[in-house]
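Peer 1: As annotated by TrEMBL, ATP binding site applies to G105, E106, S107, G108, A109, G110, K111, T112. Among the features that TrEMBL reports, domain 'Myosin motor' is placed at 12-691. Annotation comment: TrEMBL describes 773-954 as domain 'TH1'. Residues annotated as region 'Actin-binding' in TrEMBL: 568-590.
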Amino acid sequence: MEGALIARDRVGVQDFVLLDSHTSETAFLNNLRKRYQENLIYTYIGTLLVSVNPYKELDIYTVTQMQLYRGVNFFELPPHLYAIADNAYRVMCSEYNNHFILISGESGAGKTEASKKILQYYAVTCPTTEQLQIVRDRLLLSNPVLEAFGNAKTLRNDNSSRFGKYMDIQFDFKGAPVGGHILSYLIEKSRVVHQNHGERNFHIFYQLLEGGDKDLLCWLGLERNPQKYAYLVQGRCAKVFSINDKNDWKIVRKAFSIIDFTEKDIEHLFGIVASVLHLGNIQFEEDSNGHAIIRDGTQIKWISKLLGVHLSILQESLTHRKIEARSEEVLSPLNVDLAFYARDAVAKAIYGRTFTWLVNKINGSLANKDSTRKTVIGLLDIYGFEVLDTNSFEQFCINYCNEKLQQLLIEMTLKAEQEEYELEGIEWEPIPYFNNKIICDLVEQKHKGIISILDEECLRPGEATDLSFLEKLEEKVGDHAHFVTRKLADQKTRKSIDWVDFRLLHYAGEVTYCAVGFLEKNNDLLYRNLKEVLCNSKNGIIRECFLLSELDNRRRPETVATQFKNSLMSLIEILMSKEPSYVRCIKPNENKEPGKFDDYLIRHQVKYLGLMEHLRVRRAGFAYRRKYELFLQRYKSLCPATWPHWHGPAAEGVERLIKHIGYKPEEYKLGRTKIFIRFPKTLFATEDAFEFRKHLLVSRLQAKYKGCLGKREYQKKREAAIKLEACWRGALARKEAKKRTWAVQIIRKFINGFINRKKPLCPENIEFVKLVQYKYFMKLRDHVPKNVLDKSWLQPPSILEETSEMLQKICIRNLVRKYCRGVTAERKVQLQQKVVASAVFRGKKEGYLQSINQPFMDTRLSISTSNLSDGIVVIHVPEDNKQKGDAILQCEHIFETVTKLCMLANKQNLVKVVQGSLQFRIGSGKEGTMVFTVGQEPQVFKAKNGQLTVVSGGKAVLSAQQKEGGMREDDGGLCCFQPTVQQKQPNLFPQTGHLKDYQLYSI
């Protein structure tokens, strides 16, 4: 389980505590650089997380990653922001106490993004319901709203928080987020009226102009071009490629609807934003008396409309100041400079108080009205340490805040550790560290601190200036080791300090502040008549922000610095009451370039974040400590002696417990009230064993409980089964009885029908007759004759004889019709020939019956003749008569004879005329050749080669095996008859009348 804690990562180590040279700043930076170059931006120092801004998107914030870190022991997985969030959440749920996560670092180091990632993690991983989902959505969407109104582009960060924010996320006893509360600190109001070169005003102004629809801008009297507005062009960078104002506007508009802003709230809010832009475009001119006047009233008319104030009264309040002299009030005209001051003062006051109203509105939507006890996890995202080219009152307050947070870190992680160990009697090696309390005292000490001196200058009668404030500082704190001015500096240092500057030696390094504007920004005064105008505004938000009761309060309000100091003290008290978790954000370079690692810049941040001191404490001290009672209560199940109850002192029980587990002496110390464990691996091994033991105990409990449930369920099922079986058996019996009754009725009905079957149809026999008909017809279906010669027919019952006879006639007619329709024309001719043959031969000649099933062919004749003038005709006998040879004829009228044979056969292609020779069949499968030639005298003879030669001329009828002078015995053993010229053959074709002279020779 502890492999990830002990083993080195692919590049560097994932916990600085594992560095061999843990006291070397160079080794610290080398390890940080290796991990950063491999996109491993997170590294631990014990339980503190160091985060280096990658300045690019990394695929390490998916829902899969969130689920991976959910419920996992802190060191089990690689370092991640989700591990910090999950550890705080699990400890809060298990110990039911409050936590906070302090995210600190320079501007641009990624603090705001880190707080958003933690919120997203809780939104995804915490249990929820439909109602809780609304709270979750509001928590998430409060960020884009506050960023729009409280963040701006600075030289170091395109989305720099220009206010401090502390958010409490409230959880119920199930660990589900049920509400939240936000505290804001020192919104940078001066940015509304002035921006340094390369910086922008707050995002909301640009989002409104870029994303607002045409009708909205028309109603507000605005144009899309930010160059038209004096409060937006001073930094000369209205457009920033890394910021999509149009898309951000859509997100803010959606957030308003989720956070429960009404349409009236939104209308008034945008009216205020537009009024600030119109205020910036008001220009004053000097009249003949040197008094300020407004010649172009266009802008002031829009302000009057949007804020719901009287036009003339508003114009008068911007050019006059009301002065109270005893019981009288006098309006004193303002010069141009004072008029511009009054204009800017009202713009800052309106925007600052509107921002406070916005935070309160969000808090109202996040408030949980359930009075049950809740635990909280706080997220502190506050301005980082700032050192600009020109540092003013805002940087002074911001860096003072960072000094207090550093002091908190020192008290809660270094000094508190040492004091706790000493209190517990644990041997401790003192660690030297820089205690910045001396700097905090320089700023905040009563009557002697810089803030007290600044307030005195603001409140004292007479003409107080920034230079008089600087002189007072030199007088009262000039001897402080961390304060220097040009007058107090040595010759070398004096060159880098102007006459209006003073320098403080912060824990993070030296910062030079320009005193010009300190008194004005600290006073932050709004003329009384301007306040009266705003108190009577018809804009609902302005009316809530400027209460009429303020006009009755004659006391001077607290200065800005004092307000900030008091709110910071309250914040420190809140944080001191909670269990801390720390995230230290580091900016790798000034240019926001991915992959660039600036050693000098990072070394400076490592120093002022106190990381080396924290590392030395983690290596020298103990990683874990718990009161004996809590430790024993949690892990007592691991030892038989302490389980299930320990009846002695808790310290003795813990001692027995750790001996049974097998702790080594160097792994722990026993204090007066607590046990201290040095190594995280020791704790997690114990936690592992506890988890295993817990599963065993749970398994036993589950087995017992399941057994009880199973037995109870079995008894219920058994009783139910008995009832079901009884009911089912009754149902079956009733069904069977009903079935038997039905069967008896049917049998009786058919017996009665059988008895009365020969009667005409009546109620007594109709069912029986129908059954008999059905069975007969179903059986007849399979015994219907298939052809006209099939005379069979199924014997019908007596009651169906008439019907059967009709069906038989219909069937025969159908077969005959079907057969007749299937006879072809050719088949019809053959049948007609068979009818003639029947009339001639039936009953008269043997063999006729055998010939009936043999179809007659069109013709069986095939005739061959030569192309010469001989009278030879060969009639080919069909080959199926193997005992007969072909007939060879000689006749005078060959053309007439062959033609009439063709006509008799009705076949013109009957005759084949050959040239030279032809083949003829002798008999018994033998063949002969007849050669035709031309000679002087016609003759027929057998040549020496055995071929029958025919010379043109003469007439004779020759057998196929004739030989000149007779046949020899070696000619196949055939019988040979000599020609008998005078013998007359019967007239084979009497109809021709020309064959009487033919002579026939048989083979």
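Heads up, residue numbers simply count up from 1 along the chain you see.
Even glycines carry a Cβ here, placed using N, Cα and C.
Could you place the listed features in the three-dimensional structure?
Peer 2: The Cβ neighbour count for G108 (ATP binding site), using a 10 Å radius over every protein chain in view, is 24.
Residues 32, 36, 47-53, 55, 81, 84, 87-88, 91-92, 97-111, 114, 156, 164, 166, 183, 185, 376, 378, 380, 384, 400-401, 404, 408-409, 411-413, 596-598, 601-602, 605-606, 609, 611 of the same chain, all 6+ positions outside the region 'Actin-binding' (568-590), place their C-beta atoms under 8 angstroms from a C-beta of that stretch.
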Peer 1: Under DSSP, the region 'Actin-binding' (568-590) has how many residues in helix, strand and coil?
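Peer 2: So the region 'Actin-binding' (568-590) is made up of 9 helix, 8 strand, 6 coil.
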Peer 1: Per-residue pLDDT averaged over the domain 'Myosin motor' (12-691) comes to what?
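Peer 2: Summarising the domain 'Myosin motor' (12-691) by its mean pLDDT gives 89.
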